[in-house]
């Protein structure tokens, strides 16, 4: 396969595969969710009709009231007495909102109400999103050596594994630890704290959050009467930041794995290269101020008698 043909064939194949994957997802979601949606619509229509028959409220007034309620609920304000929090913009809640914005998780449970807040959100995200990516990249780059290069090197030296085998073993172990430490265990914790969440709901929340999808159907610390609500929200913030860092680390490790196995070259993707800033020279080089005569002398072959050999070492 020629290089020119591959350079056109590979991106085209990726695009077609991506479109097919989207169509598959659309068909599956439509088949699963549409019957549930129809059932919910039918239940709501029946409930609305029953309410109108038992009250003196007309349909127009009810529609107006429901529109107001839904509009307020979109901004995180509820009319239910047992679901109303003191405010959605106390320090802990505002800090949680800022964190979900700059990490691009964006649950959407609280949104700016004023035009000033919307304008500030644009400026804040414009600076905060790249800054967050910069912080995550810098942290992950420092973690690559102790958590990726180091373990792979140990597998090669102590277990005698080849580079490809060592990289696969390391990635499997890393992936297992990440799933256990950032999905399974947090899901158990969330399902215990959030009484209405099942383990599947909690695991789903962890996955949606750490993949920065943030659908907003599950948001922690929104239960009325939540104990230590501020501390809980800050703890979730720490979990999100560290979790995103670990997910980035997994992606970088997989990129390194693909590079070792030659997948990046096959698909003509950029190969993984270790940044120069992490390669600290053992001996600092002196400035090159030698004269031309010294440079010529440095390139002359050495006298074999002047070279150090094993026999020249004092015993």
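Glycine residues also receive a Cβ, built from the backbone N, Cα and C atoms like all the rest.
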Annotated stretch (transmembrane segment, per TrEMBL) among the listed ranges 12-32, 33-53:
12-32
For the transmembrane segment entry in TrEMBL, name the matching range from 122-144, 260-282, 283-305.
122-144
Report the mean pLDDT of the predicted model across the domain 'Potassium channel' (179-256), rounded to a whole number.
90
DSSP-derived helix, strand and coil totals, residue by residue, for the domain 'Potassium channel' (179-256):
55 helix, 0 strand, 23 coil
What are the DSSP helix, strand and coil residue counts for the domain 'Potassium channel' (86-144)?
42 helix, 0 strand, 17 coil
